[in-house]
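Positions annotated as active site, proton donor by Swiss-Prot, on the basis of sequence analysis: His88. Residues annotated as 5-amino-6-(D-ribitylamino)uracil binding site in Swiss-Prot, with sequence analysis given as evidence: Phe22, Ala56, Phe57, Glu58, Thr80, Val81, Ile82, Phe113. Per Swiss-Prot, the feature (2S)-2-hydroxy-3-oxobutyl phosphate binding site maps to Ser85, Thr86, Arg127; the stated evidence is sequence analysis.
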Amino acid sequence: MTIIEGNLRTENAKYGIVVAQFNEFINAKLLSGALDALKRHGVQEEEIDIAWVPGAFEIPIIAQKMATSNKYEAIICLGTVIRGSTSHYDFVCNEVSKGIAHVSLNSNIPVMFGVLTTENIEQAIERAGTKAGNKGFEVAVGAIEMVDLMRKIG
């Protein structure tokens, strides 16, 4: 039996990050966490490209554009969708998650889901660097592991 796992090491890998502008005060913290994780694990600034999109709904199309450009070994998607008083939240969350999964499966590169889907602003703040950690950091660590794992599998 062979067990294959990704390690937290990457050399000469380029990462694309897609960040939503809507809820930017939270998403900027997610981005900061992601950049911190990448840099702590040896990724150089010139190996990172960041694309800002208007909102979470626009993340998949730019993730797809990046993924199919053959420039990146992983795409990190960051955004925040907070439940409001209408069903808009459910539609956005469902379509963004499906879109990101679709991009990953069709491009054959890791496209990491770092979109917070929360009931309220307090939950979003907690997940962007306070009591519940920083999901941007966690997703970037996952991206590094996935790049290494994909390389090992070939």
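Using N, Cα and C of the backbone, Cβ positions are placed for all residues, glycine too.
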The answer, for which of the recorded positions His88, Arg127 has its Cβ ringed by the most other Cβ atoms inside 10 Å, is Arg127
Between the C-alpha atoms of Phe57 (5-amino-6-(D-ribitylamino)uracil binding site) and Thr86 ((2S)-2-hydroxy-3-oxobutyl phosphate binding site), the distance in angstrom, to the nearest integer, is 16
Among the binding-site residues listed as Phe22, Ala56, Ile82, the Cα nearest the Cα of Arg127 ((2S)-2-hydroxy-3-oxobutyl phosphate binding site) belongs to Ile82
Other C-beta atoms within 10 angstroms of the C-beta of Thr80 (5-amino-6-(D-ribitylamino)uracil binding site) total 27
Out of the binding-site residues Ala56, Val81, Ile82, the residue with the smallest number of other Cβ atoms within 10 Å is Ile82
As a whole number of Å, the Cα atom of Ala56 (5-amino-6-(D-ribitylamino)uracil binding site) is distant from the Cα atom of the residue listed as 'active site, proton donor' by 12
For Phe22 (5-amino-6-(D-ribitylamino)uracil binding site), the number of neighbouring Cβ atoms whose distance to its own Cβ is within 10 Å equals 17
